[in-house]
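A short worksheet on the structure shown next.
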Amino acid sequence: MFHTVQYRPLRLITQNSLSNICLKLMFSRLITFERISKSWFSSHSLVGNKNIILMGPPGAGKTTVGRIVGQKLDCPAIDIDDDVLERTWNMSVAEKLQDVGNEQFLEEEGKALLKFSASGSVISLTGSNPMHTAGMQHVKRNGIVVYLDVPTMVIMSRLKSMKVDRIVGQGPATSLKDILQFRKQFYKRWYDVRVLCGGNMAAEVVAEKVLDAVKRYQNSEVETYVSTRSSQKNSHKYFSDVVIEGLASDGGLFVPERGLPELTAEEWQTLIGATYAERAQVILERCIHPADIPASKLREIVGTAYGENFTCSKIAPVRHLTGNQFLLELFHGPTASFKDFALQIMPHIFAYCIPRSCNYLVLVATSGDTGSAVLDGFSRLHDTDKQRIAVMSFFPEDGVSPIQKSQMIGCQKENAWSVGVKSDFDFCQTAMKKIFTNSDYTGYLTVEYGTALAAANSINWARLLPQVVYHASAYLDLVHQGIITFGDPVDVCIPTGNFGNILAALYAKMMGIPIRKCICASNENNVLTDFIRTGIYDLRGRKLVPTFSPAVDILKSSNLERYLHLIADGDGQLVMQLYNQLENQGHFRLQKDLLEKLQRDLVAGWCSEEDCLAAIHSVYSTTGYILDTHTAVAKVVADRLQDKTCPIIISSTAHYSKFAPAILRALRITEIKQNPLSQLHLLSSYSPLPPVHWGLLATLKKNENEGHRVCAADLSMLMSCIETLIQNHFMKVF
């Protein structure tokens, strides 16, 4: 029995920090995409008159899977090859191809598709249907296109065993592999949902996956987000909401209510030979509902984010260091740190999700690397988006390296500004949270200037989610290189301050990547090491110690809250109690069962300044490779804590060029000049491995004489600075 398709009303996007009157004045608009109403279908019914359209390469199993799905839904199964083309032409498809040739065949096939009409059916397309634009537009109007994504090598093996000789485009001068690779661009253009199909996956299993994928597509209501401090069962948000709001109104952080999706081992293995962008697309599709960002738009965003702006074609290559240690190089982006992986994609996600009727000022607090990455990322938006989206980065004026400061100043653009604060990172981060939860102030900015505030720190879910990709990708690269087989465990060691990077690794583990232990590496600001070992988070009497690894000079680790919510099985009330106690008393203690859970995932150690420099010197002396100071911290801790029973992947989170004075000191080069550009030229003269980062050199050369604002460590002064910059940018633009 068929049911009528019901579309629920377009959803109003709100910002929780705005007062009701501000909402009426500024945000009475509907979001520009539709969400389909909550309407699950059983295994024996189909929603409305929509078709399920199966698309994929020849040999993907579309016909067989289509028949099984049709049987389960008790609806017609139509094969375009057998039921449409051959009946229309009164000859076999192979005969038609031989008769008219490749180009004319595509046109004839497209014309036949344009005359075809069906409803409430399962339709199996030909492998070449997606190459005809008008034909695909016609069938897509009344259907959900499901892409059966089968690895190319599997398809080639199947076609060889089937002795298929009727592939459009096949000939002496063109290999089958080239044809299949060429066609992928057309498949990726049209699909609504994707089903990953492993080589040994039975058609029955694929059919169930098709049904699950269509159910998910039609039911966006179940993929919601909650605050880590929420005890209310109805306080749900959607992905678009949490991207815009950043921080929850109760001070908590947003997390997926039902956790992240888990991919099967067979699904992961289909990505072993994939590029970084292809892996990112698949993982993000599973985590972002198409009602929030359709697959076609997400592909455009991913392609923009992970393209020519990275200096290495592999984006996040894995390099063997020594023994069982491997480096995950996360510094090939435009600003030379791992923050680029989130901040080359997050601005485009943000620009897509926000309402068009309001200006947004994105605020970020940085301990070093985030600042230049967020400025660069938002400055790459389209001009129309830059007119309505600006970003402001607050950093400790005397708490970052000279090159980091020069880079942040040099990354300033017409919609991107840096502000030095006469304090440390913890003050900057705490000030940002207070500003976001001050409804009077945010409401005033909305009414007075038509401008809302948003966050770009890793407290924003759209900052954290893309980091999951590179941890998964690193494991798949080790499999692809033959170092391990899928299912073998690895450990990861990550220099950790705000807990975002290591949390992303834990999320990758939840999604099915066989990570055994996550090793948390701290510098002398080792509050996390103490906490993981004892269960006591204690800030009493602690003062931040400036170190050679400033990006992890942090005492209050924001993203730890998300992990505690996870191991507490979503107990928001408990998380609220812990963080109220931390705020009011400066410490909290985990109960025994939670500490045991934590220690099953995490181990921790810390590294002194002397050991950090010694590690840089030792690795360079033995391998010719230069570690940055943060990677050196992780290397020292990995050496101490690994048991050498499995490979360990060390996150190399920044390029050494950003910390030239410390590197020169570690390499025992006595001539250290004060000018950052001179320091980089001196390092470059040693022909180091890897070379000095090109983007850093270019930024410093171009912007040696630029200035920046400096602000006192006073909340009211920061708020005044924000207002002034809003006046200068948005009032001038509009």
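Quick reminder: no glycine exception, Cβ is built from N, Cα and C everywhere.
Here is what TrEMBL records for this protein:
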DOMAIN    224-306  domain 'Threonine synthase N-terminal'
MOD_RES   K339  N6-(pyridoxal phosphate)lysine
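Neighbours of K339 (N6-(pyridoxal phosphate)lysine), defined as other CB atoms within 10 A of its CB across all chains, total 33. In terms of DSSP secondary structure, the domain 'Threonine synthase N-terminal' (224-306) contains 35 helix, 9 strand, 39 coil.
Here the domain 'Threonine synthase N-terminal' (224-306) returns a mean pLDDT of 93 for the predicted model.
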